[in-house]
Amino acid sequence: MRSHRNARDQQASGRRLTRRAALLGGAQLSFMGLLGWRMRHLQVDQADEFRMLAEENRINIRLIPPSRGEIFDRNGAAIASNEPAYRITIVREDAGDVDAVLTRLSQLIDLDPADIERAKAEMDRSAPFLPITLAERVSWEDVSKIAVNTPALPGITPDVGLSRFYPLAKDFAHVVGYVGPVSDYDLSKIEDPDQLLRIPRFQIGKVGLEARMEDELRGSAGTRRVEVNAVGRVMRELDRQEGQPGANLQLTTDVMLQNYVQARLGDESAAAVVIDTTNGDLLAVGSAPSFDPNLFVRGISVSDYRALTQNNHRPLAAKSVQGIYPPGSTFKMVVALAGLDEGLITPEETFWCGGYLEVANRRFHCWKRGGHGHVNMAQSLRESCDVYYYELASRVGIEKVSAMANRLGLGIRHDLPLSAVAAGLAPTKAWKKEVRGEDWLIGDTVNASIGQGFVLASPLQLAVMTARVATGRSVTPRLIKSIDGVEQPSGSGESLGLNPTHLNYVRDGMYEVSNSRKGTGYSSRIIAETMRMAGKSGTSQVRNITAAERAAGVTSNDDLPWERRDHALWVDFAPFDDPKIAVAVVVEHGGGGSSVAAPIARDITLQALYNGDPPLDAYPAKDRDRIAEQQDRLRALRPDLGQDSKSRA
Amino acid sequence: MSYLEYAVKTTPSGLRKVLYLNWPLVLLLTAVASVGFLMLYSVSGGSLSPWAEPQMKRFGVGLIGMFVIAMVPVWFWRNVSGVAYGLSLLLLLYVEFFGHVGMGAQRWINLGFIRLQPSELMKIALVMFLAAYYDWLPVKKVSHPLWVLIPVLIIVLPTFLVVKQPDLGTAILLLTGGGAVMFLAGVHWAYFATVISAAVGLVWAVFQSRGTDWQLIKDYQFRRIDTFLDPSQDQLGAGYHITQSKIALGSGGWTGRGYMQGTQSRLNFLPEKHTDFIFTTLAEEFGFVGSVSLLALYALIMVFCVGSAMNNQNRYASLLTLGIATTFFLFFAVNMSMVMGLAPVVGVPLPLVSYGGSAMLVLMLAFGLVQSAHIHKPR
């Protein structure tokens with residue numbers, strides 16, 4: 001074709017081109033060989049390893065939350081149960097026109113505009129295939145409305161889960177506590193938290209039994225293996241393994257008695273504990289005022305929460321186990337038993353009460369200004385003479401008194417699965433030195449002898465103390481009767497090793513408190529022969545009465561502001577001949593123990609003994625009209641256990 | 001004496017040219033493209049849209065384009081080589097200066113029915129122009145420094161523009177493809193030895209430049225090299241592409257998971273599964289047997305091209321054919337090395353299989369040139 005190029009030249013270039021083409025082709029072919037070798041390496045030699053990695057990619061393990069263990073009373077009535085909670089979710093991707101769908105939905109059911117705004121904001125942030133919650137705790141009625149209108153509501157799905165429900169609302173708030181969604185704070189407290197806790201809005205116990213028994217109640221998660229795509233959307237379920245539901249708890253409490261206790265305490269800032277003296281079962285653990293734990297499960301509103309925290313009667317506190325009070329004269333049994341046990345006094349020995357005792361240049365007054373005259377042990381308990389115990393405690397010494405207090409269950413923490421169970425305080429010289437850095441004074445012993453000064457006890461401890469006095473055994477409180485049907489150890493306890501005669505002196509003294517005309521608790525006695533109770537009143541000061549005040553005449557409690565009034569206390573056990581229960585009642589700033597706490601305790605005692613409303617003839621005749629009216633009023637507050645009370649134990 | 005035997009002796013003309021097409025090559029190209037349709041159908045979850053159908057249409061257009069180009073005598077293409085090169089260069093300059101003003105680092109010009117990437121066009125135009133240059137240049141002068149400098153400039157100019165875009169993959173293709181034509185034309189060994197040692201030096205310099213203010217390549221390119229060297233250091237970020245594609249490849253095993261059963265691509269773990277990484281889907285679903293078969297198809301295409309070139313007495317025609325074959329080889333060699341973790345992820349599609357209009361069309365036109373050279377070879 002080209003005339004200017006000679007044939008030799010062309011031939012030479014052609015040869016060279018062919019040579020180099022072959023060379024290049026060869027190089028390319030060997031590179032393809034390399035590619036083939038690499039394919040073999042990846043696809044044949046390492047196939048198993050990569051196949052496994054592909055499976056790991058594709059398969060995701062999702063948790064199935066277990067159903068939380070339920071809580072029943074001693075007769076099988078539900079205290080905490082799980083109820084289906086319906087919520088409405090929307091999947092943006094499926095909805096298409098989100099606004100149109102939401103408009104149609106809000107015509108159908110009531111939606112909170114704030115919820116819609118929140119859901120829209122959440123939708124903008126998350127993947128289009130993720131369900132976003134529009135409304136929680138939707139009624140079954142609304143759910144069925146949505147179900148009927150499904151075609152008009154693309155992307156809207158009613159979703160069912162289990163949520164905690166406390167059918168008895170206020171009655172058990174201070175015992176079972178409540179659950180709530182896991183918070184970051186909760187997680188930070190737990191080492192190596194269960195994977196379940198990572199589920200958004202998973203409910204865990206926050207307070208009370210729910211919190212303390214969390215591990216038993218929670219159960220273990222089931223798993224389902226799902227195939228997911230690269231962005232985590234679930235394509236299909238491969239298999240599932242059901243989890244282990246949480247353990248059911250049966251409590252020692254009786255819902256009817258608990259309800260009565262709460263109703264009887266009413267609006268007072270008060271606590272009451274009823275314990276079975278034979279085995280330590282806590283039949284009722286009341287604290288008033290109370291609150292509805294369901295509010296917390298749902299997410300309590302700011303105003304509701306503020307109302308609870310700003311109430312000076314402290315509804316959130318479980319006063320029966322957390323509240324500690326100077327036990328006042330209810331402490332006198334401890335001092336009496338300490339004296340008897342040490343052999344430092346006989347029941348017949350008397351002290352002279354002239355209205356006060358001078359110790360270390362200080363006058364310690366008896367509540368009775370004129371004094372009791374010659375007082376023996378029975379009389380000192382019956383009339384609650386203070387000077388007798390000033391003298392006795394001075395003789396016995398604080399160490400022996402506190403040791404006896406510990407033996408009777410005061411100043412030691414009882415191991416109950418409740419939040420912040422208080423240890424109270426039975427003071428010793430070493431304690432004061434260590435905590436206050438001061439030496440023990442004789443005045444401190446005198447103050448402690450009547451349950452004032454440093455001595456502190458919770459209503460639970462006072463009930464335990466009374467049960468121990470009534471039985472002579474180391475009765476230990478028990479709240480959980482069985483876990484998943486497994487009976488828990490009884491709290492009947494060993495013998496305290498106290499001389500039965502000594503115990504009988506004290507019990508007789510307590511019997512006289514309630515049943516002797518001169519007893520401080522006589523007006524709140526029980527008439528029924530077989531149900532007679534033995535009690536002890538207590539009135540503990542929360543202020544110091546100054547000399548000036550005393551000179552001007554002690555100001556009456558009623559004239560003081562509520563916070564400065566005396567605490568009213570009462571402990572008792574019954575029936576006297578064969579003790580079955582012990583009761584402790586504390587009414588914060590209630591006034592006198594015998595006038596305020598005793599009637600409440602007597603009503604609770606009778607209610608417990610008769611296992612329901614007692615006959616009116618168990619009461620003193622003059623009280624019967626008032627009691628009848630009170631019974632009617634409280635009966636109206638009783639829960640209807642119609643269907644729930646079927647025995648599940 | 002049949003009519004056919006007689007016809008072979010003369011240069012065919014008119015429609016009879018169709019009989020002289022390299023038909024096995026046409027069949028091979030169609031076979032490879034069909035593998036592409038099959039895989040695009042699979043990665044879209046068993047649907048012709050959005051990828052398989054447009055790809056088929058483009059292949060149809062490409063096939064027609066190939067035939068049209070094949071019909072035109074190869075000496076016409078030699079004569080317009082310079083124009084093709086100049087035009088491609090102008091278009092490259094155009095996207096260089098106007099693409100930035102428009103939308104980000106835009107590399108293409110919208111022609112309505114197709115988005116034309118001038119860099120794709122340049123891959124072929126460069127080979128055409130170099131082939132024409134060496135056809136024109138007397139063989140004696142081939143290794144003369146001055147006559148070596150000219151083709152070097154011809155190669156470096158568009159490469160520089162492409163690197164600026166930045167499109168490292170195309171730059172490598174241009175540089176290597178152009179170099180291959182020079183090598184085939186008979187340029188002295190010493191030049192290549194010098195250039196290769198200089199390249200090694202340059203790589204060293206590039207790594208030295210890292211973090212200094214005269215840094216030679218972009219940070220993201222550095223990161224790609226890093227993750228190529230050690231993909232495990234950033235599993236969810238930069239190393240994700242390579243790791244996931246190796247998982248897909250490897251999990252294919254001998255015979256694969258079956259058509260449309262590949263979990264890696266079906267569940268979207270694979271990035272760019274319809275474009276640069278489509279080979280991984282093939283490897284996952286058809287296994288070693290499938291991937292080697294595709295490699296064999298490519299090898300056959302190469303064999304037919306090289307065979308055709310070696311039988312061609314025309315210097316331009318054979319240089320052109322070999323240049324195009326080498327470019328084609330570089331396409332799939334770089335792409336496969338990339339997805340198998342042998343080379344950094346540089347963004348080179350799998351020729352005729354990956355979804356994409358420009359590359360498909362330009363490759364079909366290039367094979368039109370090969371066919372033209374084949375038909376119009378001196379007999």
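Cβ atoms are placed via backbone N, Cα and C, with glycine included.
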* Asked: In TrEMBL, which of B:124-142, B:352-370 is tagged transmembrane segment?
  -> B:352-370
* Residue numbers, six or more beyond the limits of the transmembrane segment (B:286-307), whose CB comes under 8 Å of its CB atoms -> 22, 24-25, 28-29, 31-32, 35, 249, 252-257, 259, 279, 321-322, 324-325, 328-329, 332, 336, 351, 353, 370
* Tertiary contacts of the transmembrane segment (B:20-43), as residues 6+ beyond its ends and Cβ separation under 8 Å -> 12, 51-52, 55-56, 59, 63, 66-67, 70, 259-260, 262, 265-266, 273-274, 278, 281-282, 285, 294, 297-298, 300-301, 304-305, 308, 350-355, 360, 364, 367, 370-371, 374-375
* To do: For the transmembrane segment (B:352-370) and the transmembrane segment (B:83-101), check the count of CB pairs under 8 Å (sequence separation 6 or more) and say whether it reaches 3 or more.
  => no
* Structure fact -> For the transmembrane segment (B:145-163), the distant same-chain contacts (Cβ-Cβ under 8 Å, at least six residues beyond its ends) come to 85, 88-89, 92-93, 96, 119, 122, 126, 129-130, 133-134, 137, 170-171, 174-175, 178-179, 181-182, 187, 191
